[in-house]
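Asker: The following block contains the structure, expressed as structure tokens.
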């Protein structure tokens, strides 16, 4: 194919847009290496002092750990509930199941502040304010839509005759799910679980409403850090997170090849 | 046990959790709005009398609309290139679209604060290069909010459009070209109309998410670009004004529902939300 | 194997705690009930008579360190109870969330008169025990039933002379004069302490500010902000205002005098100045959340300790908090007197914050103000 003007226009344009998408994020890397105590590019030499501050701060480490384990619990809970839900809906495949699927994705559509307000009032009644359980429950609800969407996408590619054959051969429903369905939709479950983990790991508005002091998550520390004083430690945290994302994206890209 | 009942037993735990702990509390916001501080519709009359609320709603819709249009234009270019021209660099381009998607909104907003501030890196560079004498205000205004919002929302626009374009056969374009249409004309009259479902789908997603956005405007708006989510939070955190906050939430929720309802005429909602490929 | 049913036990303990709170179980009965369950050691500071620590919440930054090192240490020496300072910012929303969660962490919070009224209205703070706290050791009028003065601060006019080569603002009228004094201004994201400056800029005498600010006056003052709004960046928290100056985002603004006191040392020499002329003088208020963990008595004793005039002066020297105890004013070192919002000279230049006016007008003014800023 020849290099037509349209092609050149679109290619150049899209590289420019991709630069706009990616470069601003990468800026946190040089800033995290600054030798100054304020936000800026390194003046005289590169310094790892802000990474040291992060790694030596019990508060930051504790918040990081809290976010990781809450995210893990949420991923497991949302994947379990969401997978069972999707398999059930897939078997049913009727109008009621369709409505149920819509109900399940409502959290994607409701503005974060609005849902957090609803959580708050109900969590007060349940005694869940400022508790890890309260945050896990809220995050599980927010992760569920993503799990059901990706598990259902995997189920859509599954041949309906397979479970049917297993049932005909005398396998119970539970056994059919364990041995036939789950292995086939595992990629969808993993994607859903990863989504749920990330939703929880990044979630800030709910945490701001539902916690006060006993629960500190990484996003909350970053949020308070930005408001309190724009400190290069945040750039160090950001750099670590961007690097992890970069590695995972790279890994995903190589695998999809 | 009846077969159908067994399937419902699978559906029920997840559904029950969602209905009891999510749908019910969100519906209950209506209750707060008509009981606090006093029973009645006082919060709603107060809200519609307040110019601040009106201004905030207009601002919210304006920012959501501009963000949507900008994301669609920029996103279309990227999606089109990836679907048609990219060739060997396709995985790289796709990776670059997805990378920001996975970085938290908080981190991305922080990056923009670092870049756009009065003594931020963009201004420092421009001054250092002698291009400007005094710093330009990129942040603490609508411009800053828009730049960062477009950055956050762009992947949401690219992905549905890309899914759609990947399903379009290039034989139509080739046929049009074969019949003597210029490349531009073939694109405009043959290809573009076929991509409209993806465009609408991406646009709706961006618009709905933008309406309720909180983090980026709150951090980059300088307090003067107060979208409705921030207004609600402010009323509640500073003045414990739960009644007004709840009433505003109800209206925001209704506005979102209305947008979806109207959009349902042009957009396949099922494809946009339920069958979103990630 | 441990066969104790912990969930059941904690349930019983909770019931006992509820009853104790409701007053149907005496403290002795409560403790012995818990003792029977083998739970007393786990309860820590929540039920045992002598608290193991006292947690004071303020607004972060250096102010937290100073509070811990100065007042906290004094209290620990006096009572043996260590003090922990939490800089999380006790906004009314957070205090309410904490009280409603049933697990209050803060014993004492650094608040303001306006917020104290809001919190009292929501029923989340307790009354001050004036048999422990001394009314005579605070400025008259700051001994509210549900809160008591802790220090004095002002909303003051601060500016960065290096960003204003052609002259610096001396009055609020100058701040509104964008032509001769260009640059961004910062004001608070709330009317508190802000409308007064607009009234002064319109030529109102400082003692007549609140008389002027009736319905018509409020509208006029708000209109002044509307006029200026393209040059305004607002601050939500004190540290935010500090950052705006530190990062050169603004050339001038109306900020807490306590933040100005810190900025004078943080900014490059010659790039920060502050004047009390046309400032608004206001007390900060201690409030005690309902059901605070260390108990009301411990919190009241901390307040009483902090009233000591010498401590008040040390506190001012460290961070610019004007002494609330009238007896302390004379002990402030002469070279720092200019920074003391409560020195006679500075008081004479300022408007005295009117709780009464705010009680009447704040809610409606707040809405007009936000409207003027975001429109």
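Think of each number as a place in line: the chain as shown, counted from 1.
Note: Cβ is positioned from N, Cα and C throughout, glycine not excepted.
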Asker: Ranges B:52-80, B:168-196: which does TrEMBL label transmembrane segment?
Answerer: B:52-80
Asker: Report, as numbers and ranges, which residues of the same chain sit near the transmembrane segment (B:52-80): CB under 8 Å and 6 or more residues beyond its ends.
Answerer: 93, 97, 142, 145-146, 149-150, 153-154, 156-158, 161-162, 165, 195, 198-199, 202-203, 206-207, 210-211, 213, 217, 225-229, 231, 248, 251, 255
Asker: For the transmembrane segment (B:92-115), which recorded stretch in the set B:7-32, B:198-220, B:240-267 gives the largest number of Cβ pairs separated by under 8 Å?
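Answerer: By the under-8 Å Cβ criterion, the transmembrane segment (B:92-115) pairs most with B:198-220.
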Asker: I need to check the long-range neighbours of the transmembrane segment (B:143-163): which residues 6 or more away from its ends have a CB within less than 8 Å of a CB in the stretch?
Answerer: 63, 66-68, 70-72, 74-76, 78-79, 82-83, 97-98, 100-101, 105, 108-109, 112, 116, 137, 195, 198-199, 201-203, 205-206, 209-210, 213, 216-217, 220-222, 225, 272, 276-278
Asker: Using a Cβ cut-off of under 8 Å, list the residues of the same chain at least 6 residues beyond the transmembrane segment (B:7-32) that approach it.
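Answerer: Same-chain residues near the transmembrane segment (B:7-32) but 6 or more away: 242-243, 246, 249-250, 253.
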